[in-house]
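In what follows, a single structure is set out as structure tokens and then discussed.
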Amino acid sequence: MDVCARLALWLLWGLLLHHGQSLSQSHSEKATGSGANSEESTAAEFCRIDKPLCHSEDEKLSFDAVRSIHKLMDDDANGDVDVEESDEFLREDLNYHDPTVKHSTFHGEDKLISVEDLWKAWKSSEVYNWTVDEVVQWLITYVELPQYEETFRKLQLSGHAMPRLAVTNTTMTGTVLKMTDRSHRQKLQLKALDTVLFGPPLLTRHNHLKDFMLVVSIVIGVGGCWFAYIQNRYSKEHMKKMMKDLEGLHRAEQSLHDLQERLHKAQEEHRTVEVEKVHLEKKLRDEINLAKQEAQRLKELREGTENERSRQKYAEEELEQVREALRKAEKELESHSSWYAPEALQKWLQLTHEVEVQYYNIKKQNAEKQLLVAKEGAEKIKKKRNTLFGTFHVAHSSSLDDVDHKILTAKQALSEVTAALRERLHRWQQIEILCGFQIVNNPGIHSLVAALNIDPSWMGSTRPNPAHFIMTDDVDDMDEEIVSPLSMQSPSLQSSVRQRLTEPQHGLGSQRDLTHSDSESSLHMSDRQRLAPKPPQMIRAADEALSAMTSNGSHRLIEGAHPGSLVEKLPDSPALAKKALLALNHGLDKAHSLMELSSPALPSGSPHLDSSRSHSPSPPDPDTPSPAGDSRALQASRNTRIPHLAGKKAAAEEDNGSIGEETDSSPGRKKFPLKIFKKPLKK
């Protein structure tokens, strides 16, 4: 049974095997026949489309691949690929989300693409003419499969073989290219299909010139950004510096304004001092008038009384007043023995000062204009900075340097104006001290031109003084003290200034009273300056006469103090000799009165008395006060024996000391000037 079963199985297996072989042989014959038919149809179609290349086997394989691609895209198998079929193929098979660009590249103006159109498009493509090196470069850069480079070079695959890579061909990819990885085969197919249909990829179309231009553009952009950053920082620093300079100009302007206010205040105080001096001189003149009235009263009492003792007492008092007047005259002559500047020189110096002030004001106005220009430039830059591109525009323009230059120029001009103001004040103060009269305070340039008889056309047009002032920050460091010019004079000049400020008929004091004659009024000022007095000799001669009168009586006066010997001791100056003779004559007149009281028997025509009277002018009328009487009245005002006059004199001296003129009877004691501004103590 077993053997039979086995034999049956063997027979059955043999029958089945024979039947299978026969079936497979029939199928292979059919396939071979169909393949042969398809190959024949493909060759015929290829020869119809491109007859010159129909005998090339490689071109036939490429055409067959292109035909397979067209068949893959032609869903309805009508022989043409329309717009919808290509769009669907791009979206589904190639996975393009936005196939608009690819779609327009594939179709162009032809909406239906046939196999012939697709083959002609492939032949006209740049990829068709690629060499082996270009295909290898495409494989490395675009497909990113550099491990198959050697295989491609061995097979010498050029651009003509690109369609065979775009279709699914296991023999080509697996056997020929030896790609075992399925993902690599699929990736190569898709990239090749895209290249065949739409041309070379964009990555392979770049040129090095564009890359170089891109790099250069990036470098230029980075450099421009860095340059803009540097310029922005520089402009900010420059703006800070300019704003600092502008603030310095503001401080300088404020400092100059403060200095000008101090100067105006000093001038006002100086005018106040002058007014006080005028009031003081008026008060002194009133005291002199009271002293004259007192002397006149004493004289009337002496003349009107019949009591000899009263008359002798009054005469002694008058002699004491004469002695005191001579002493005061000595001091006044010593104080007036210095040089006096001519009065015309004061007007010329005042005119010179006003002309210099005009030029200073012109220079100061120019400095103010420069400051205003600098301020306007700074304001413009501030406004530009507030705009969108203001900082960049300011950084690349020359306005910053121009404004900086204007600020520095204005600052230098203000420094020059400050130095000129400082030097001018100091110089005119020294000139006022040396000359002994006022120059800065004057009636004005028009009054001076009229007083000096100058043609006004020579002076030109005057400029008004500006209302405000500017100054550099150097004024903050100015340590000079503004001192009243007349308060800095020497002791001899103070008395001369006081004499000039008084009225002509009262300002000369006892000197004019003692020298009241026609010949004295005709003397020129230069004669008085040239002839120096000798007060010690005059006082010494007068003292001898007075001592002789008071000690030995009238006879010893006639014998010991002869007028001839006294005249020999008088000074050489004619003017001062006249002064001394007038004072001495008055003393002799009083001695004669004593002689008449003490010795009535003495004849009035004594030769000694006549000789003494021959050296003096004729006595004045009783109703008219004589010059000697005026001298006695002037000196009696300063005599402390009158109580109420002494109190007024002390008050006047205190007022005089309060304005800075410290008077002292001793000519050797130094008089200190009044400082209107005191230097502030630095903390």
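Here the Cβ of each residue, glycine as well, is placed from N, Cα and C on the backbone.
When the ranges 336-339, 424-427, 596-599, 640-643 are checked against Swiss-Prot, the one recorded as motif 'Microtubule tip localization signal' is 640-643. Among the ranges 23-31, 32-40, 473-481, the stretch that Swiss-Prot annotates as region 'Contributes to fast Ca(2+)-dependent inactivation of CRAC channels' is 473-481. Your range for region 'Required for generation of inwardly rectifying CRAC currents', going by Swiss-Prot and the list 544-557, 558-571, 670-683, is 670-683.
Per Swiss-Prot, the residue from the list Asn129, Asn656 bearing the note N-linked glycosylation site is Asn129.
Restricting the average to the topological domain 'Extracellular' (23-211) gives a pLDDT of 77.
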